[in-house]
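Colleague: What TrEMBL records for this protein is below:
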type: DOMAIN; residues: 1-125; note: domain 'PH'
type: BINDING; residues: 27-54, Lys433, Lys435, Ser514, Arg541; note: substrate binding site
type: DOMAIN; residues: 135-170; note: domain 'EF-hand'
type: DOMAIN; residues: 171-206; note: domain 'EF-hand'
type: CARBOHYD; residues: Ser186; note: O-linked glycosylation site
type: ACT_SITE; residues: His305; note: active site
type: BINDING; residues: Asn306, Glu335, Asp337, Glu384; note: Ca(2+) 3 binding site
type: ACT_SITE; residues: His350; note: active site
type: DOMAIN; residues: 485-601; note: domain 'PI-PLC Y-box'
type: DOMAIN; residues: 601-730; note: domain 'C2'
type: BINDING; residues: Ile644, Asp646, Asn670; note: Ca(2+) 4 binding site
type: BINDING; residues: Asp699, Asp701; note: Ca(2+) 5 binding site
Amino acid sequence: ALENGKRLGLKDNADLRFLLDGAKLTKIRSKSWHKSRYFNLMEDCRTIMCSSKKLGKKGNTFLIDDIESVRKGRQTEGLKKHTDPDEEEKCFSIMFKGSKKNLDFMVNSKEEAHRWVTSLEKLMNHAQNLNKKQEREHWFISCMRKADKNKDNKMTLKELKHFLRQVNIEVDDTYVEEIFKKCDTSNSGTLEDLEIEEFYSLLTKREEIDVIYAKYAKTEGEMSARDLLDFLLNEQREQATIESALKLIEKHELDEAAKQKKRMTKDGFVMYLNQEDGCIFNPAHSPVYQDMSQPLNHYFISSSHNTYLMEDQLKGPSSTEAYVKALMKSCRCVELDCWDGPNGEPIIYHGYTLTSKILFKDVIRAIKDYAFKTSPYPVILSLENHCTVEQQQLMAHHLIDILGSALVTKPLGDTMPASLPSPEELKGKFLVKGKRLNKLDAMFSNNNTTVEEDSVSEEDEAVDCKENDQKAKAKKAKIKLAKELSDIVIYCKSVHFGGFEHARDNQSFYEMSSLKESKAFQLADASATAFIHHNMDKLTRIYPAGSRTDSSNYNPVPMWNVGCQIVALNFQTNTKEMHLNQGRFLPNGFCGYILKPEFQRSPSSQFNPQSLTEGPWLQKKVLHVLVISAQQLPKLNKDKQNSIVDPLVKVEIQGVAADNDKKTTHHIENNGFNPMWNTKFEFPISVPELALLRFVVEDHDSASQNDYIGQYCLPLTSVRNGYRHVPLLTKRGDIIPSAGLFVHIMLMDQK
């Protein structure tokens, strides 16, 4: 176990020993369900066991990689409901990626709770910071451990064959026997120690990289700094210097002797290609690099629809946790469907359905706690208000009381503004989107004689929601609005959309409309240029049709093409549309704000994504993609011994209609470990600033739909030329450790 700890960079670590020793914790599920569980880290230092019997006895297990976060205190709905407030410091929770339920625990003292939280967090950080070589070796060793049936740390030929199935590769028996004999230098009939290392070396040999390395390693079979510079200039098309080449050697070379000579060995070269420096995504776009001082409407804003839902729109659970998950993905606009609740407290749920209900004030507390953990830029609270005046007053009280000075309750500055403030000016702030009783100008007028309450039209989405409900349809499309709630709507006043001409003549910069997807797509097809100009000085929110009861999503790309900022999606549904959303917001520090292209912001622009004419948006390019190989694709059916994937790769462009395209490689039979395609594709591109590049790896099935293995999506403007590593993500958007594609990319001007 401590050897595995060393590989994780945790040699002689007290936290590691604490987790390996384990302890008895109290697991909490309800008021009456408080049960003792033995909890410890297993020998591989990546798996945790939770057992009802004794330490080390059989129980449920999960991987450190599966943990999203560890929360100290009573921060989950379960702990708040089922434990007393005075036990706050003895509680902690383990939150998982995806839909796996969190684990809530209580221990004997606050010191013990603190120890568990800090130890788990340190182990998680170490696991995340493994370099690719350590990651691959760790994965390899854990697979070998599973294959070593009699646990003698030796591999027989039979165990070796079992191991190859574990790592998702089917190899001819003759070849397996050949490798085995080659490595079994002691002629013992088993592989051990250095023989296993030799086996690992043979198995992970990358022929495609050997060829590239041999071409440039001109200094005694190794790459000098000058050789590496030639590679960076000729293949990677980078603006490199001899100094930057030396920095890469210092950073990635593993062999100290080579490093002293300022050279890069083949192992160092593989390390470079698999790290951020060799990634397809431009690392200069990882931090916030765009101008954040433009008006809010000049940005695409990552936005969620019916944020409170964990599953479908009819009977699924509502949860504050859904808000936490969305905010931790840098979502910057969340939706709150507000209804009258019992005991005078407003609640949130999907009206006229069987979805469960949560308290409005609990949601606001959760939003306050998690809004700015992954991004400092403003969060918009989109209110769909169905409450009576009394409960609206309480909503306003909760917003002001809980959010405090972070809530924008008046325009910035002392005079009436002429445009929306910037994300930079609104850092750490909350904006309320909703109905308002009067114009914003009234705040700067001497005779601000607003009535205490009045009737206003319902939100357009609320009206659409009623279309499928006969009882609701009969109700008036007007609600009484409390002054207290009206007064905290500053920069995002909801108004009905009456057409582009009407909006141009009557709509103020702080007034915004919400459009159902069908209406928005219709406008984008018929009046794209007018739509773009409307979005140059006003915000527009798009939301999914009410008929999407399964929480499916529409394609957000056509909406971005016409400059819509708040393109709201069901974040809980992990399909292609959310992958595109994740790709769109991947650059700029993953902060939830992306500056729109100049031609979507300039009043003189005549850009129309439907019919491309000459203009600054037209930058005709050709994208050349060579899909070379993949490494360590995950086995899909882990329970089925002989199940090996038959991978294929789809490469697609999503952008303006003229650029949309998809191409597919052939599939490789029975090899998820190191399949090789060497397949070339070409994509003509007209508007690169709006294009997204997406790679999808699937398991070919001739009898039914292909199974998803992994994907990666990024803006074409963040793609780097040359030989590049493409990480792969799960459907939920989490990185798949050790898996990836190897490609060659060249984006060139059209001749």
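Glycine too: its Cβ is placed from the backbone N, Cα and C atoms.
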Colleague: Out of Lys31, His305, His350, which has the highest number of nearby Cβ atoms, where nearby means within 10 Å of its Cβ, if these are the recorded positions?
Modeller: His305
Colleague: Fewest other C-beta atoms within 10 angstroms of its own C-beta: which of the binding-site residues Asp337, Glu384, Asp701 fits that?
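Modeller: Comparing Cβ neighbour counts within 10 Å for the binding-site residues Asp337, Glu384, Asp701 gives Asp701.
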Colleague: I'm trying to understand the geometry here, so how far is the Cα atom of Asp337 (Ca(2+) 3 binding site) from the Cα atom of Ile644 (Ca(2+) 4 binding site), in Å to the nearest whole number?
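Modeller: Cα of Asp337 (Ca(2+) 3 binding site) to Cα of Ile644 (Ca(2+) 4 binding site) measures 46 Å after rounding.
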Colleague: Which residue counts does DSSP yield for the domain 'C2' (601-730) in the helix, strand and coil classes, in that order?
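Modeller: For the domain 'C2' (601-730), the helix, strand and coil counts are 6 helix, 60 strand, 64 coil.
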Colleague: Counting only other Cβ atoms and using a 10 Å cut-off, which of the binding-site residues Lys27, Lys35, Lys433 scores lowest?
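Modeller: Per-residue Cβ counts within 10 Å for the binding-site residues Lys27, Lys35, Lys433 bottom out at Lys35.
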Colleague: Just to be sure I understand: of Lys35, Glu43, Asp699, Asp701, which binding-site residues have a C-alpha no more than 10 angstroms from the C-alpha of Ile644 (Ca(2+) 4 binding site)?
Modeller: Asp699
Colleague: How does the domain 'PH' (1-125) divide up by DSSP, counting helix, then strand, then coil residues?
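Modeller: Once the DSSP states are binned, the domain 'PH' (1-125) shows 45 helix, 39 strand, 41 coil.
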Colleague: What is the interatomic distance between the Cα atoms of Glu335 (Ca(2+) 3 binding site) and Ser51 (substrate binding site), given in whole Å?
Modeller: 39
Colleague: Fewest other Cβ atoms within 10 Å: which of the recorded positions Ser51, Ser186 wins that one? Let me know.
Modeller: Ser186
Colleague: Going by a 10 angstroms cut-off between Cβ atoms, which of the binding-site residues Glu43, Glu335, Asp699 has the sparsest surroundings?
Modeller: Glu43
Colleague: Looking only at Cβ atoms, how many others are within 10 Å of the one on Asp646 (Ca(2+) 4 binding site)?
Modeller: 19
Colleague: Rounded to a whole angstrom, what is the C-alpha distance between His350 (active site) and Ser51 (substrate binding site)?
Modeller: 38
Colleague: Just the number: how many Å between the Cα atoms of Thr47 (substrate binding site) and Asn670 (Ca(2+) 4 binding site)?
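Modeller: Cα-Cα distance, Thr47 (substrate binding site) to Asn670 (Ca(2+) 4 binding site): 28 Å.
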Colleague: Nearest to Lys35 (substrate binding site) by Cα distance: which of the binding-site residues Glu384, Asn670, Asp701 is it?
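Modeller: Answer for the nearest of the binding-site residues: Glu384.
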